[in-house]
Amino acid sequence: MEKKNVYDILKERGFIQQVTHEEEVRELLGREPVTFYIGFDPTADSLHVGHFLQMMVMAHMQRAGHKPIALLGGGTTMVGDPSGRTDMRKMLTLEEIQSNAEKFKVQFEKFIDFNDGKAIMDNNANWLLKLNYVDFLREIGVHFSVNRMLTAECYKNRMEKGLTFIEFNYMLMQAYDFLELYRRYGCRLQLGGDDQWSNIIAGADLIRRVESEPAYGMTFTLLTTSDGKKMGKSQAGAVWLDPNKTSPYDFYQYWRNVDDADVEKCLALLTFLPMEEVRRLGSLPGNEINEAKKVLAFEVTKLVHGEEEAVKAREAAEALFGGGGNLDMVPSTEIDKQQLGDGMNVIDLAVLTGLVPSKGEGRRLITQGGLTINDAKVDSIDRIITLDDFKDGALMMKKGKKTYHRVVIK
RNA sequence: GGGGAAAUUCCCGAGUGGCCAAAGGGGGCAGACUGUAAAUCUGUUGUCUCAGACUUCGGUGGUUCGAAUCCACCUUUCCCCA
């Protein structure tokens with residue numbers, strides 16, 4: 001069987017949103033190994049699921065024999081990308097950015113194979129930070145029409161709310177990155193989320209002007225739910241790839257609970273399952289779609305945290321929602337006997353475990369009948385927890401229908 | 001540089017001296033219904049030793065018995081003019 005063009009794979013799985021030169025890009029990708037890049041601005045101390053989608057693209061591309069460049073935005077983050085934002089980005093210090101970049105670096109290495117030059121990692125701080133202002137303006141600035149920039153989609157809503165000059169420059173920096181990567185590594189394709197479209201075409205145009213060489217760009221769908229909201233946001237904030245920020249159990253549960261309407265899309269974008277299987281799972285009727293969600297949760301957790309963690313997360317979920325099984329991975333808190341004393345108020349215990357953020361909320365929860373201890377509803381805010389409530393040294397608290405927390409006597 | 005407007009609780013946005021922990025919406029949380037889904041309906045949504053007390057309305061200082069509301073200065077943002 002002839003090898004499938006990676007462009008068609010990405011298209012079929014629903015990644016592709018916009019392409020600068022559709023036919024040319026497709027042909028190029030089918031013809032020769034292409035060096036391409038995706039930029040990641042280290043604005044936080046961990047990658048999140050949005051980044052994960054980009055890494056899936058890199059992985060698909062790498063499998064097809066192309067060479068990814070993971071570009072850390074150590075330089076661009078100093079400026080801040082205004083795209084898709086209504087307010088100004090918080091300014092980060094150089095130290096914060098560098099520390100974040102180090103964390104990103106470690107995470108990249110889990111997803112992309114950098115051995116034997118199969119992929120490249122670089123940081124635009126290496127060239128952006130030492131740029132000379134006037135030289136930059138003369139070499140790069142001349143190629144940008146302010147009139148045109150102002151019409152760019154990414155500045156539209158900022159034209160109403162305000163846009164500072166520093167952010168306005170972001171596009172030039174990113175365009176320059178592309179040029180720099182072209183010069184250093186022969187990179188002629190930039191990929192990114194759809195909110196990066198303006199920045200990407202700016203870079204491709206720059207290479208065409210300055211180097212008179214073809215350069216291309218392509219954007220991917222952003223992870224949104226069927227009703228257009230950003231995905232990867234849970235009540236606790238973003239869903240992080242760092243297990244210390246989002247535990248594998250919570251990560252698993254996030255995907256286990258996606259809307260019916262989003263299951264197929266997520267399977268296509270975030271797993272490597274063959275498309276026939278994705279379509280089959282996505283079209284399961286009614287209740288059966290839960291099987292698809294289990295597959296989704298397991299597969300994504302496996303990719304991000306490894307098979308062992310994924311199995312544990314699945315077991316924990318099955319134990320809680322099905323009964324029996326291994327409870328090791330369920331979020332839990334250890335408490336010693338002294339702390340418990342002669343008895344401890346439920347609310348205090350709930351706050352201690354972090355199940356509720358404050359006593360007020362704990363009271364509210366109990367009053368509304370939302371707290372369960374060992375499958376029995378707590379009906380009084382004065383309920384005292386004693387050693388008798390622990391079975392084999394453990395007690396199970398449940399908030400609402402699906403937030404479990406184990407308390408273990410140590 | 002000159003003139004005008006604004007900054008409110010997670011977000012948007014009311015509130016112009018006591019009735020304001022602050023309308024309304026969104027979001028969150030919980031209950032009912034379900035399939036660990038969606039939609040819908042209901043309740044709830046600053047903290048605490050919850051009767052009551054305490055902290056909050058960009059910052060600092062004032063006026064007042066009493067301020068989110070008035071005054072001064074500062075910070076930030078937007079708009080108009082140059």
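Here the Cβ of each residue, glycine as well, is placed from N, Cα and C on the backbone.
Those TrEMBL annotations? Automatic predictions, nothing curated.
It should be emphasised that the depicted structure is a prediction, and the values quoted were computed from it without experimental measurement.
Look at TrEMBL and you will find A:TYR37, A:TYR170, A:GLN174 tagged as L-tyrosine binding site. The annotation motif ''HIGH' region' is assigned in TrEMBL to A:42-51. Summarising the annotation, TrEMBL assigns motif ''KMSKS' region' to A:230-234. The feature ATP binding site is assigned by TrEMBL to A:LYS233. Here TrEMBL flags A:328-406 as domain 'Tyrosine--tRNA ligase SYY-like C-terminal'.
Projection of TrEMBL feature records onto the structure.
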| residue | record | CB count, 10 Å |
| --- | --- | --- |
| A:TYR37 | L-tyrosine binding site | 24 |
| A:TYR170 | L-tyrosine binding site | 23 |
| A:GLN174 | L-tyrosine binding site | 29 |
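Long-range contacts of the motif ''HIGH' region' (A:42-51) within the same chain, counting only residues at least 6 positions beyond its ends with a Cβ under 8 Å from a Cβ of the stretch, are 72-74, 77, 89, 92, 97, 99-101, 103-104, 107-108, 193, 222-223, 231-232, 238-242, 245, 270. DSSP places the residues of the motif ''HIGH' region' (A:42-51) in helix, strand and coil in these numbers: 3 helix, 1 strand, 6 coil.
Per DSSP, the domain 'Tyrosine--tRNA ligase SYY-like C-terminal' (A:328-406) is made up of 24 helix, 24 strand, 31 coil.
Restricting the average to the motif ''KMSKS' region' (A:230-234) gives a pLDDT of 62.
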